[in-house]
Amino acid sequence: MAIDRRREAAGSGAGRQPAPAEENGSLPPGDAAASAPLGGRAGSGSSAEIQPLPALHPSGGPHSSCCAATAAPSLLLLDYDGSVLPFLGGLGGGYQKTLVVLTWIPALFIGFSQFSDSFLLDQPDFWCRGAGKGTELAGATVTGRWGDMGNWTSPSATPFSTASWGTTSNRSNSSDTPPLPSPPGKGNNDSNCDCHAWDYGIRTGLIQNVVSKWDLVCDNTWKVHIAKFSLLVGLIFGYLITGCIADWVGRRPVLLFSTIFILIFGLTVALSVNVTMFSTLRFFEGFCLAGIILTLYALRIELCPPGKRFIITMVASFVAMAGQFLMPGLAALCRDWQVLQALIICPFLLMLLYWSIFPESLRWLMATQQFESAKKLILYLTQKNCVSPESDIKGVMPELEKELSRRPKKVCIVKVVGTRNLWKNIVVLCVNSLTGYGIHHCFARSMMGHEVKVPLLENFYADYYTMASIALASCLAMCLVVKFLGRRGGLLLFMILTALASLLQLGLLNLIGKYSQHPDSELQLKLAVGMSDSVKDKFSIAFSIVGMFASHAVGSLSVFFCAEITPTVIRCGGLGLVLASAGFGMLTAPIIELHNQKGYFLHHIIFACCTLICIICILLLPESRNQNLPENIANGEHYTRQPLLPHKKGEQPLLLTNAELKDYSGLHDVAAVGDGLPEGATANGMKTM
């Protein structure tokens with residue numbers, strides 16, 4: 001009966017419209033064939049592809065010539081990793097290697113900029129000018145013994161004052177602050193900040209920084225946190241906006257304009273006349289820096305074949321860490337914060353040459369069907385790599401010639417909302433990134449909170465290099481884990497380690513402390529005797545180190561994972577979302593410092609709960625190791641979720657694979673060809689009387 005009603009509604013089928021073009025990731029039946037193979041493994045067969053039924057024309061025959069222009073482009077051109085990249089020589093082509101190296105060099109400058117807050121905005125020890133070093137007068141904010149500038153120490157029994165908790169709210173950077181007591185009440189402490197001028201003991205190798213330049217102490221301490229806040233907010237907005245623009249106009253223009261404007265705003269920061277101007281310009285500097293980070297990351301991914309993507313991305317991370325390790329020496333060389341800021345920004349001048357050296361992403365041109373520009377770039381690359389036309393075994397160039405009349409087809413990141421699987425994958429990775437970078441600050445603050453009891457952590461350089469060394473060890477471990485477990489397995493392992501470290505630090509140590517104070521049994525008495533405060537502090541530091549180690553890997557791997565599973569047409573937009581989520585995680589540090597560490601414990605508990613949710617959600621992600629990058633939204637939808645452990649021989653999987661899925665997209669065309677069906681025919685066979 002349903003077939004009869006369709007037949008009546010459709011009439012003779014002459015007025016039926018062809019299937020709609022691709023929208024929000026859905027393809028017409030005839031276009032699905034062009035997208036299915038790209039989700040498979042590189043170099044493998046098409047055993048896991050969805051095999052769609054051929055599309056039927058309303059008259060029962062093939063599509064007419066008037067519909068040919070709206071059909072999908074050639075499958076050969078969409079298979080970039082399998083056809084186009086091998087034709088250009090892959091990563092073995094000399095010009096491609098040069099381009100990859102050119103994406104590594106700016107990572108050093110980016111590392112300088114990302115960690116500059118630790119030096120420009122470090123809050124030094126200070127005392128009233130004219131009070132004498134180590135002398136406590138009216139308004140003196142810090143008491144202690146002064147040797148030389150690098151050896152300032154404070155007696156551990158010194159009570160906190162309004163100024164002292166204001167000046168020590170950040171010992172090295174926004175993520176390694178010691179625990180601070182609640183602000184003391186008014187009264188005698190009101191006289192501690194009656195000074196109008198101070199002398200400073202800056203620990204970062206500089207003679208003057210932003211805090212000492214404009215006396216951002218006592219009642220003005222909050223302006224330091226706003227300055228840190230402004231850079232991160234600029235990064236967040238930059239990731240979101242430049243990501244969408246890069247998907248629409250291309251990676252190359254965004255990279256060029258971001259470089260030009262970071263030179264303008266970055267150098268103007270060094271000429272700031274007050275802290276308000278400094279914070280405002282830092283926002284725009286962060287905005288432009290985000291455009292550079294995002295476009296270079298996408299270009300690096302799109303240049304590489306499947307087997308080289310991860311290692312090339314990790315090399316860029318190591319170069320950025322080199323900038324982190326070199327920053328203290330650079331600060332000691334400059335001695336003044338304005339010179340340091342100018343020296344950090346000036347190397348970006350070299351990136352102006354990229355306009356004439358670095359071409360547009362060929363993968364993006366092919367994915368957005370800009371075949372005219374793609375043809376010119378392919379000819380240019382073959383000339384640079386000395387590739388002869390005879391090596392085009394698969395016939396890429398002849399197919400490209402046939403498609404030159406196509407109009408470009410660009411996509412915005414909002415299209416992902418209508419997809420079935422892709423938006424879920426991106427949301428999961430955004431939450432992972434937010435959790436990883438957010439809880440990293442909790443572990444760092446917990447570790448630096450024991451600096452009074454661990455003399456090594458009292459030194460600024462010890463704090464700084466401890467954090468940098470943990471990040472370096474995390475990246476090294478990530479290389480090994482991802483090699484053996486893949487992207488999804490590695491992310492799951494590091495998230496489990498993060499959750500364990502967080503829960504043990506929050507629960508186990510508090511439980512031990514409770515039992516040690518009220519021993520009700522012989523076992524508890526032994527715990528009370530054996531578990532001293534120093535031992536608990538050592539456990540807490542150990543858990544903090546493990547937590548920072550694992551959470552750094554979670555954040556970095558989430559960003560890389562998103563770059564692989566997001567289709568080329570919206571890759572920068574997807575990267576912008578996950579990087580902005582990471583920025584929100586890092587933003588919690590200056591926000592909590594701005595409120596004098598209030599709500600820190602709740603902050604840690606919330607992120608600890610998020611780690612448990614993320615462990616479950618990671619299992620929903622596909623595995624992208626050794627797979628071709630998806631080129632359009634339909635390719636991203638074809639990424640399958642495979643089990644973590646391979647099936648044993650003879651064991652049947654419980655879930656259907658892509659090869660076993662059936663395509664019912666042509667059923668609605670049965671009514672259109674109903675005139676050719678015998679009487680009594682149904683969708684499932686012949687109707688018996």
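Every residue, even glycine, has its Cβ placed from backbone N, Cα and C.
Keep in mind it's a predicted model, so treat the numbers as computed, not measured.
As recorded in Swiss-Prot, the features of this protein are as follows:
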type: COMPBIAS; residues: 165-177; note: compositional bias 'Polar residues'
type: CARBOHYD; residues: N24; note: N-linked glycosylation site
type: CARBOHYD; residues: N274; note: N-linked glycosylation site
type: REGION; residues: 1-55; note: region 'Disordered'
type: REGION; residues: 162-188; note: region 'Disordered'
type: TRANSMEM; residues: 229-249; note: transmembrane segment
type: TRANSMEM; residues: 253-273; note: transmembrane segment
type: TRANSMEM; residues: 283-303; note: transmembrane segment
type: TRANSMEM; residues: 310-330; note: transmembrane segment
type: TRANSMEM; residues: 339-359; note: transmembrane segment
type: TRANSMEM; residues: 466-486; note: transmembrane segment
type: TRANSMEM; residues: 489-509; note: transmembrane segment
type: TRANSMEM; residues: 541-561; note: transmembrane segment
type: TRANSMEM; residues: 572-592; note: transmembrane segment
type: TRANSMEM; residues: 601-621; note: transmembrane segment
With pairs fewer than 6 apart in sequence excluded, do the transmembrane segment (229-249) and the transmembrane segment (283-303) have three or more C-beta pairs that lie under 8 Å?
yes
Count the Cβ pairs between the transmembrane segment (541-561) and the transmembrane segment (229-249) that lie under 8 angstroms and are 6 or more residues apart in sequence, then report whether there are at least 3.
no
Go through the chain and flag residues at least 6 beyond the ends of the transmembrane segment (466-486) whose CB is under 8 A from any CB in it; none is fine as an answer.
172-173, 175-176, 310-311, 314, 317-318, 321, 324-325, 444, 447, 457, 492-494, 545, 548-550, 552-553, 556-557, 623, 625
Those residues of the chain, 6+ apart, with a Cβ under 8 Å from that of N274 (N-linked glycosylation site):
W214
Stretch among 229-249, 310-330, 572-592 sharing the most Cβ pairs under 8 Å with the transmembrane segment (339-359):
310-330
DSSP three-state assignment (helix, strand or coil) for N274 (N-linked glycosylation site):
coil
